[in-house]
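Participant: If you look up Swiss-Prot, you'll see 6-41 marked as domain 'EF-hand 1', on the strength of sequence analysis. Per Swiss-Prot, the feature Ca(2+) 1 binding site maps to D19, N21, D23, E30. As annotated by Swiss-Prot, domain 'EF-hand 2' applies to 57-80. Annotation comment: Swiss-Prot describes 89-124 as domain 'EF-hand 3', evidence class sequence analysis. Sequence annotations record features per position, and here Swiss-Prot assigns Ca(2+) 2 binding site to D102, D104, D106, K108, E113. According to Swiss-Prot, the feature domain 'EF-hand 4' maps to 130-159. Feature annotation from Swiss-Prot assigns Ca(2+) 3 binding site to D137, D139, D141, C143, E148.
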Amino acid sequence: MLTNNEIYQEVQKFAKGYDLNQDGVLTSQEIYYSLLKKMNGNSYEASKATGVLCSTIDINKDGKFSYHEIAKYCADNAKKLIEQNADIAALADVEAFLLRFDKDKDRKLNKTEFVEYFKGGTDTPYSDRDYVLKIIDLDKDGCVSANELQEWFKKKRIDYASRPHC
C-alpha cells in the first residue's frame, strides 16, 4: 500500500495534467476543459464527469481542489477499499476454515477442533495454539465463533495490506 506521501506525489503528477494554469489548485472549470479535451469534445460526458468529481472530491465545497484534497480523498478511499476487501475475503476465509475444521457444524471451533488447525502440516506462523486461541476468542468462552474468526482474518488481511511488499 502506498504511503500518504507517495499518494500525494502520484496525485501531484496526475493533477498537473488538469491544472491548466499550474497554480497547484484545480477549479471545476479547469477540470471541465481538461476532460472536454480528453473526451474529444463531448460536453455532456465532460460536464457529467466534472460534476461527479466536484461532488466527491471537493471536501470543503469551495469549487476548487487542492492537490492535498485530492490526495486525502484517494488515501481515504484506498483505506476504505482495503477494509471492504479484507471483510469480504475474511468471510470467505471463515467459510473455508469452518468447512475444514468445524466437525460438529455448529459454526464454532471448540478447543479440540481448533487444535486440528495446528496438525497435519497446516501452514501457520504460530506454534502456541493456546496463545492463538486466547487472541481469537474475544468473548473468552473457550470456543472460536465464526464472527471471531472473521474479525481475526480481517485484521490479518489489513495488517498484511499495510506493509510494503517489494
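Along the chain as shown, residues are numbered 1 onward.
Just so you know, glycine gets a Cβ as well, placed from its N, Cα and C.
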Participant: If you measure from the C-alpha of D19 (Ca(2+) 1 binding site), which of the binding-site residues D102, K108, E113 fall inside 10 Å?
Facilitator: none
Participant: How far is it from D139 (Ca(2+) 3 binding site) to E30 (Ca(2+) 1 binding site), counting Cα to Cα, in Å?
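Facilitator: On Cα coordinates alone, these residues lie 55 Å apart.
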Participant: Quick check for you: of the binding-site residues D23, C143, E148, which have their Cα within 10 Å of the Cα of K108 (Ca(2+) 2 binding site)?
Facilitator: C143, E148
Participant: Rank the binding-site residues E113, D139, D141 by the number of other Cβ atoms within 10 Å of each Cβ and report the first-ranked residue.
Facilitator: E113
Participant: By CA-CA distance, flag whichever of D23, E30, D104 among the binding-site residues is nearest to C143 (Ca(2+) 3 binding site).
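Facilitator: Minimum Cα distance from C143 (Ca(2+) 3 binding site) across D23, E30, D104 lands on D104.
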Participant: Of the binding-site residues D102, D106, D137, D141, which sits closest to E30 (Ca(2+) 1 binding site) by Cα distance?
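Facilitator: Out of the listed candidates, the nearest Cα belongs to D137.
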Participant: To what whole number does the mean pLDDT across the domain 'EF-hand 2' (57-80) round?
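Facilitator: It averages 82.
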Participant: Can you give me the same-chain residues 6 or more apart in sequence from D104 (Ca(2+) 2 binding site) with a CB-CB distance under 8 Å?
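Facilitator: The list for D104 (Ca(2+) 2 binding site) reads N110, E113, given in order along the sequence.
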Participant: Which residue counts does DSSP give the domain 'EF-hand 1' (6-41) for helix, strand and coil?
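Facilitator: Tallying H, G and I as helix, E and B as strand, the rest coil: 22 helix, 3 strand, 11 coil.
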Participant: Do me a favour and check the Cα-Cα span between D141 (Ca(2+) 3 binding site) and D102 (Ca(2+) 2 binding site); whole Å is fine.
Facilitator: 16
Participant: Can you tell me the CA-to-CA distance separating D106 (Ca(2+) 2 binding site) and N21 (Ca(2+) 1 binding site), as a whole number of Å?
Facilitator: 64
